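What Swiss-Prot says about this one:
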- 102-122: transmembrane segment (TRANSMEM)
- 130-150: transmembrane segment (TRANSMEM)
- 163-183: transmembrane segment (TRANSMEM)
- 190-210: transmembrane segment (TRANSMEM)
- 222-242: transmembrane segment (TRANSMEM)
- 276-296: transmembrane segment (TRANSMEM)
- 320-340: transmembrane segment (TRANSMEM)
- 354-374: transmembrane segment (TRANSMEM)
- 378-398: transmembrane segment (TRANSMEM)
- 422-442: transmembrane segment (TRANSMEM)
- 463-483: transmembrane segment (TRANSMEM)
């Protein structure tokens, strides 16, 4: 060939050469090209054709990761509420009163909320899936060990629940932020709905697993040996299959100090009010989840439909029914909450906090009716529990999604940790013990009888619906500032798909599924 390149991709004839067919074959509309530039074009074309494959593989990996993270969340709550499923047996075995039994959950939550901000700080700065798996392995080992504690060492069981709380804090704090970075917009809402459905599902399975395993094995200790085995398996899968997701647009955002992050979150009014609302949800779910099965058992003793249990193993019927109701209402609540929010977004941009507020206020009505119905009809009480829990659970995924909307990516783990801390501090850290303490206080002022054991616990639990109404007010306050805070965060909100350039469209998100 008789061609020369000038070094920038244009080709000219050498002196004395006559253009031939080969040269004419390389002509293009804008001019001529040399073989080198053709190779570059071919490489670029090959790269662009492989880009959709990489994007598809990334999306599949993201969906799989969200599934594994959701399974891990199920196990966290299964382990947490296994104790509640065998609470009556624990009371009989260690010979503790209502306040002592409530202390198990209170110590767990206290250690959980203290550890949450620490893991939030670590989650914004270090490898998140390593922290998650380490936390799972830790609480699995502690839970398994606690099943061998002798009768005279109740304080060791209390201490072990505190250590389990530290391990589970790592998961609940960091896992939602990984999902928040893997998905955007409606897809993120869907994936967070699946993740937070794990809360009622795991809670219900905790009651069912605890009571069923105890019934089969004839010993409540075996109930504490199921979740650790599953935890080790899940922790291993998490290490292998969950990708190391980028923290939103963290590589292009300037890092900030922890103090600056905290100041930014405290000034975020939507975040503050939604965190206070979440605290009321935690208060109610912590108290009701701990005491409702025992309350309904005492109601049946008063109605003389069951005999009092003085020596374990005791009846597991109420724990099984309550666990099944919790699983079903959690599923319905998450679906109803996500569906109602999606529909209401067509009407108003403040749909998220408004749907939560309506759910809370409606839930308070049915929770009140539980204590009225339980005096005469257990079936009616279960119906009210079903309706109240469905409405109460409808806001979990929505609240998490609101946080992702109003908080910038580099602060999300810290935001989740701080929200977890405040919700537990003001919520279920004290509510199980507080309800037990009030119940004991009322019993001390009356004659000891099955009737007053039932009534005292019911009077104490009546605190819950009033707290739930307060939560509805906080969600209404969130609606006032939601749009302004979301707009501020969206200025720094990136597309979480590393293979997409520019903004993510809803059609692109839909292709993930």
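Positions of Cβ are set from backbone N, Cα and C atoms, glycine also.
Counting C-beta pairs under 8 angstroms (sequence separation of 6 or more), the transmembrane segment (222-242) reaches the transmembrane segment (130-150) with 3 or more such pairs. Within the same chain, the transmembrane segment (378-398) stays apart from the transmembrane segment (163-183): fewer than three Cβ pairs sit under 8 Å, each pair at least 6 residues apart. Residues 63, 66-67, 69-71, 73-86, 175-176, 179-180, 182-183, 220, 223, 226-227, 289, 293, 319-320, 322-331, 333-335, 337-338, 389, 393, 396-397, 400-401, 404, 513 of the same chain lie 6 or more positions beyond the ends of the transmembrane segment (190-210) yet place their CB under 8 Å from a CB of it. Contact check: the transmembrane segment (102-122) against the transmembrane segment (163-183) gives at least three Cβ pairs closer than 8 Å, residues 6 or more apart, which meets the contact criterion. Relative to the transmembrane segment (422-442), the listed stretch 463-483 leads the set 130-150, 163-183, 320-340, 463-483 in CB pairs under 8 A.
With a cut-off of 8 Å between Cβ atoms, the residues of this chain six or more beyond the transmembrane segment (320-340) that come close are 81, 85, 189-190, 193-194, 196-197, 199-201, 203-208, 211-212, 289, 292-293, 296, 355-356, 359, 382, 385-386, 389-398. Within the chain carrying the transmembrane segment (130-150), a Cβ under 8 angstroms from the stretch's Cβ atoms is held by residues 69, 72, 75, 79, 119, 122-123, 156-157, 160-161, 163-164, 166-171, 174-175, 221-222, 224-225, 227-229, 231-232, 234-236, 238-239, 242, all 6 or more beyond its ends.
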